[in-house]
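The region 'Disordered' annotation in TrEMBL covers 47-76. The compositional bias 'Basic and acidic residues' annotation in TrEMBL covers 61-74. Annotated Mg(2+) binding site per TrEMBL: GLU175, GLU242, in sequence order. Annotated SUMO2 cross-link per TrEMBL: LYS324, in sequence order.
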Amino acid sequence: MFKLLTCDVAALVIIEFPPVHQGHRLFFPLHVETGLVEGPGYQALSKHGQGSGGFRKRKHDNFPHGQRREEKENLNPPSALMSSFKSFQLELDTRHDKYERLVKLSRDITIESKRTIFLLHRFTSAPNGEEILSESEVKLDAVRRKIKQVAQELIGEDMYQFHRAISPGLQEYVEAVSFQYFIKTRSLISVEEINKQLIFTAEDREETTNMTSNSHDKQAHTWSLKVTPVDYLLGVADLTGELMRLCISSVGNGDIDTPFELSQFLRQIYDGFTFIGNTGPYEVSKKLYTLKQSLAKVENACYTLKVRGSEIPKHMLADVFSTKTELIDQEEGLP
């Protein structure tokens, strides 16, 4: 890196740098006894031009790292502003953890609701439909227990801050409940009736130090979770797809009357959604197109039964309807 030019008796050393710094010469004092060259910012060099280590010292090599960190902490003691930000961090972490727990519960609600819907589709082909309905009620009770956990998580919280986490599960629950209600009563369940089923009570024992004869060992607690109108509408819109599948399966089982009942019911739902139009939420307008497709498939099935029902054997009606449904999907560009 350098070249030692002279080392005279006057204890003065001239050092010449490489070609990059050509023309620059520095003069450093030489210790006669030790034979080492010393200078500001450089390590000690022997008079043969060799150093004991690196060429340049770092700026903070004289200070240990731990000492510098302690000095920095002493210079910046915890202030009220830092304490406030730490409390904000704790609050945000708690809220994010709660949001993730609600997302997991919503997924469980969605899965159990779908299983209930699959079970209810066996109602038309099962020899004993009451067993299917009772089994579906047991599954819906399990779903409500999951919704109870959601209600407990939302105690003291604004539900709309966590609405996106629980909305898919609530929509699927509305679809399952309304599907079961339609099979039982051939009508649509209202949002008020759904919310009545989502009021939960529990009894927690309280231990008191002063035991008296009039003391109560149990205190009733109540949790509730209300389905929003938007979730109700989206769940009803998804119900139309299940009713369309119920129509095709009932025809395959030889039931000719159910498709006409479903056609009238779906027309009423479609008329109600058209009253909302573009004034409702964006998700409702997207579901309207799917609802229209389901209504068209049911009406096509009713048309085939009315016009060509006598020409087609009953055991082939389901195949004819499924083929026409596939053709309609291809014309509309649906997957």
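For all residues, glycine too, the Cβ spot is worked out from N, Cα and C.
Other Cβ atoms within 10 Å of the Cβ of GLU242 (Mg(2+) binding site), summed over all protein chains shown, number 19.
Taking a C-beta cut-off of under 8 Å and a sequence gap of six or more, GLU175 (Mg(2+) binding site) has these contacts in its own chain: SER113, ILE117, GLY235, VAL236, ASP238, LEU239, GLU242.
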